[in-house]
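Written out below as structure tokens is the structure these notes cover.
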Amino acid sequence: MAVKKLFGTSGIRGKINSEVTCELALNVGKSLACYLGNEGTVVLGYDTRTTNVMLDQAICAGLLESGVDVIKIGMVPTPLVGYATDKLGADAGVMLTASHNPSQYNGIKIWNANGMAYTSAQEAKIEEIYSNESYTSVSWDKVGSLRVNEEIKGRYIDDLVGMVNIKPGLKVVIDCASGAGSEISPLVFRKAGCEVTTLNSQPDGFFPGRNPEPNAENLQNLMKTVVAIGADLGIAHDGDADRMITIDENGDISPFDSLLALMSKEFDGDIVTTVDAGLCMDESVKGNVLRTKVGDVNVAEVIIEKDAAFGGEPSGTWLHPDFCMCPDGILSGLRMAELVSNKGKLSELLLEIPSYPNIREKIICSKEAKTAVMENMEDLLKDSFDDIKEINSIDGVRLTFNDDSWVLVRPSGTEDYIRITLESKDSTKAQAIKETCVKIIKENI
């Protein structure tokens, strides 16, 4: 039987009741249990999406039926699932979330015992078990047990606060998108000594205040609020709070690459990032910059392999190996608050980071068409540009030009898009590169 592809760059994700169903969740639970040897313990959490009520029951049933114990920790941020899996000595963790996707989406992400997301090799094993239906039920006396753990939230909060030293009174506005960080993130910042104003901090899976994707279009209210109350910093989370984006004291959204470079400067040692990160990383950090495929698990793997000090994606997904191998938007926000508290205004700190014209574009492309479009992308791009210095095909196709301009064309692993990311010290050239790439993609869809 052909193996069904379930996982993208960030777990399983799709539209509810068409791509992601209770049957799928049940059988993923059984498949995970089989992978674990029909024994052990799994931590289970979920974000604020309304459809998590049914998915939670379904995947839990699959795990229990197959002999695995389940620890439910309820509605929590994704990083708390990674943290709990590690601290409670579980064999795996499961988070039900579609992160920044709209309300009609949901998904499943699986975590290792150390709090790191499942690797692509592990996900492939789950897909093989799922596709072949090679999972089995256990006898009645070997069915897994279910318990609820509410104490781990408090432990997580205390450990987060202990990671930073923020001067009392820093004014912070936190926009949680009505997502999984709504309860914990503001509480953590208050316990850390900040004066906190909240936006969209009532959990609601319909995301009534704003779309959970933390970008400039969706953060207009946060930008205005930071200026209106004279705050030092704005923090925006996505739907499950594994990401964080900042607004400076002037109400401006921080450039994603520059923000990552600013935090990376604080660490000695090597830094891991992805192929879509900009030149400012290489020009700012103390150690080596190691690039890998997009996706937090890819960053985590290289952090472990190279014993790196810190890692992250320009999207605001940052990993702090001194805390947990799960990306943590709340800790990322705390560390930015600590930086502003001790070193000055965010806008001025960002001026220290080199900044060049950077363009991010996305072209709608169905899942079925993405593979075909990307098949010949390297040749199409090579035929369209004549000053190429280097080609990197670790994740999509990245061209670096003789003047260090670069462009990355890659299929989204979570949505129906092909993404273009590019950077050049010459804004005219940046625009020309973008137009050429858009034309190539549209002509081949």
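Glycine is no exception: its Cβ is also placed from the backbone N, Cα and C atoms.
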Going by Swiss-Prot, ASP238, ASP240, ASP242 bind Mg(2+); tell me which of SER99, SER384, SER393 is listed for that site too. SER99
Using the centroid of the Cβ atoms of SER99, ASP238, ASP240, ASP242 as reference, list every other same-chain residue with Cβ within 8 Å of it (recorded Mg(2+) site), in sequence order. ASP47, PRO77, THR78, THR97, HIS100, GLY179, ALA180, PRO212, HIS237, GLY239, ALA241, ARG243, GLY329
Write down the Cα-Cα distance for SER99 (active site, phosphoserine intermediate) and ASP242 (Mg(2+) binding site), rounded and given in Å. 8
Cβ density check for SER99 (active site, phosphoserine intermediate), other Cβ within 10 Å (all protein chains) comes to 26
Residues with Cβ closer than 8 Å to the Cβ of ASP240 (Mg(2+) binding site), same chain and 6+ apart in sequence? ASP47, PRO77, THR78, MET95, THR97, SER99, GLY179, ALA180, GLY181
